[in-house]
Amino acid sequence: MAAVAAVAARRRRSWTGLVLACLGVCLGLTLAVDRSNFKTCEESSFCKRQRSIRPGQSPYRALLDSLQLGPDTLTIHLINEVTKVLLVLELQGLQKNMTRIRIDELEPRRPRYRVPDVLVAEPPTARLSVSGQDDNSVEVTVAEGPYKIILTARPFRLDLLEDRSLLLSVNARGLLNFEHQRAPRVSQGSKDPAEGDGAQPEEAPGDGDKPEEIQGKAEKDEPGAWEETFKTHSDSKPYGPTSVGLDFSLPGMEHVYGIPEHADSLRLKVTEGGDPYRLYNLDVFQYELYNPMALYGSVPVLLAHSPHRDLGIFWLNAAETWVDISSNTAGKTLFGKMLDYLQGSGETPQTDVRWMSESGIIDVFLLLGPSVFDVFRQYASLTGTQALPPLFSLGYHQSRWNYRDEADVLEVNQGFDDHNLPCDFIWLDIEHADGKRYFTWDPSRFPQPRTMLEHLASKRRKLVAIVDPHIKVDSSYRVHEELQNLGLYVKTRDGSDYEGWCWPGAASYPDFTNPKMRAWWADMFRFENYEGSSSNLYVWNDMNEPSVFNGPEVTMLKDAQHYGGWEHRDLHNIYGFYVHMATADGLVLRSGGVERPFVLSRAFFAGSQRFGAVWTGDNTAEWDHLKISIPMCLSLGLVGVSFCGADVGGFFKNPEPELLVRWYQMGAYQPFFRAHAHLDTGRREPWLLPTQYQDMIRDALGQRYSLLPFWYTLFYQAHREGVPVMRALWVHYPQDVTTFSIDDEFLLGDALLVHPVTDSEAHGVQVYLPGQGEVWYDVHSYQKYHGPQTLYLPVTLSSIPVFQRGGTIVPRWMRVRRSSDCMKDDPITLFVALSPQGTAQGELFLDDGHTFNYQTGHEFLLRRFSFSGNTLVSSSADSKGHFETPVWIERVVIIGAGKPATVVLQTKGSPESRLSFQHDPETSVLILRKPGVNVASDWSIHLR
């Protein structure tokens, strides 16, 4: 039997090697991305066409006699005065200081794709009224906000004004370009490019009535309009060119952020002279840094910031999208004279943003702030907030491709206990499944998965197994057979099941845009369907861009067919969103709607925050990749996706011990904390390093677990309000220009400032501490620093600079145990960092840590702690919540305090009691021992 197992193992290794070899052929298995596998704008025909239109007089005119005004919607026709094609514009005022603009063809040959399921609901509207009109413009007032919209007819333009201040302008540069659908012109003797592909455009009513000179005028078929080839792949484009583009001008704005995912700086760069930023979910092998290439996820949201204003643009389109950014001055634009009139003469700095998408309609939300926190809440009201993760998912995750078998998993599990290291999860990659057949277990390596899971559960730990959305084509594989029989796969343009190449070899791809497919997928996670699973098994969705090794740009053909007759080109960027959604729904379903899910996804879109965590993909064990994870996660946080992390240690290559230690130190302060590694890397569990490095990693893990109450509270705030967990400095210091470009340090909430060490052999770092009149305390030494200032701080390998802002209160657990589940009832220590005014405040959220009872039964606590006038008060911050807990306050550490004569505790219904304390005059730290009060109770502590 042992010999048979050995032969089987060799075969599996050979198969994996074959797939890796194929992947190398497809992707260019080198030390960096093979750029030739991915399009530039010049190679993307619609981007090239859109970008060829230069700023100038727009050919579009609004037909004022077509204007119709409803209670909350203005509709008006736009005519392209060259082609005579009519569009229809819908303008809606929305509550919470937002505006929605939609532009579509008035009479399309076939309906255009409108992105479903991303918005949590149709947003509440605000009443519109016409407050002025002349022969070339209409002034519209929005009842819910202090702003007006001026619609100019010729050339078409929209200007949004607040009082006499111009906030932004739409089509000021004349770059609106809407490629209307048209009948393919077939030259004599040639074949219709759509002929015979099963997806011919239907005849549109009235086409025969259009004069030939109008139909053909200025509509030359440029290369790539009706068929496009990239490398060996052909895109049939049966409906012809359908791209859309529109420009937005932002006077007074020089700093823009967002539109992740890119391995680039936090502040977006001007793209003139290079490629635009690309949004097209792709499996990019060993991605390069500091360029605008597309990566695994796309969130089409851009934030603009100035010391006086914040705005957001949400471009709701799931097709391939490019975003051009240029710097300008308002005096050089078409609305410069208006700006002079409104704001006075003189040049105003300005950023221009141009969006270009391959298909769909123009559907854009303008988020008008005025503060960045207003923009966060506005966007969250549209797409939802970050899902509240289970507490245990905020702990440490140990992963690699791959843990060999059950014995290996249990040995790793024991290793954490033997070396006194906390851990919540162990992960299994693709080798755990039987021949890469997801929802199965390799019978020779994992013959008793439930027993293995039970052993992990006895240590209060969990397991994650990968479930990818490519299904092995195998008639004996139940998942494939059912999906094939039910007709739930993505189809080719001739109606057969689409088949590509991925980890299992030949694979088909479930059509997750179909609600029936998502329901089927969710049902697969029931314990009776996912054999060997249990309640402590959670899920990882990888390769869900989708990744197709032999497809164009390592993804699906754009003319593949989805539910409803839509092409893949229309919805590509939302495919991974649906995979994530269906998987999260499945984990909720298996518990009868009781348990919160944990699902990690590589691909994402606007709204993905509702379903779980994401990570920055297949990074490399290099210092620059350590660095780039900061702006990558900060960018995601700005657009609502807070649960972000990077593979600790780097996925590719082997990190030297110094780099691995520095990565653990940073990962401990990023929202999602997972170590992961490639199949060909050496094992790197912490105890395999020399003792001195083990100790440093143990300390980093200890910092993470100590702060879990703080992390959990931050995630509840993100869930409740839509604010990011990990924040760029400028978010809290919007008028401090120094912070606008900082992306090597960050804030956690408003309380902690973290400056990771991201250079080899560093002996010190430059740290910027913001805030006029604010103080910052080193969390290790309690040394006080005043802001704003830049400090050079010496560092050793054993620590990174972390500061607590004066004026905040941070809850901690001080006993680090095997896992977070072992700590959840431990007592709390409050770290009270006093402001120069002697004040501080903070919150603590507690519930059972894993169910929806906080929602369905209001079983939670949200406590507010405030310090003022030498008194610390605990009170309820949400009276709706009620939760019984044994958690009590064990200690209060007040930083920046003088020595009192006495310290008195007051609780309702009890006499005053004195507390013992200790004061260190050198650090001004006062420690109050064992107040002993339950965290759910109201109490106060007085320093006298």
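Our numbering is plain: 1 for the first residue shown, then up by one each step along the chain.
Including glycine, each Cβ sits where the backbone N, Cα and C put it.
Per Swiss-Prot, signal peptide is recorded for 1-32.
The secondary structure of Ser52 (phosphoserine), as reduced to three states from DSSP, is helical. In this chain, none of the residues that are 6 or more apart from Ser52 (phosphoserine) has a CB less than 8 Å from its CB. Swiss-Prot lists Ser52 with the feature phosphoserine.
Feature annotation from Swiss-Prot assigns N-linked glycosylation site to Asn97. A coil conformation is recorded for Asn97 (N-linked glycosylation site) in the three-state DSSP classification, outside any helix or strand.
According to Swiss-Prot, the compositional bias 'Basic and acidic residues' annotation covers 207-225.
Its own atom aside, the Cβ of Asn97 (N-linked glycosylation site) has 22 Cβ atoms within 10 angstroms in the protein chains shown.
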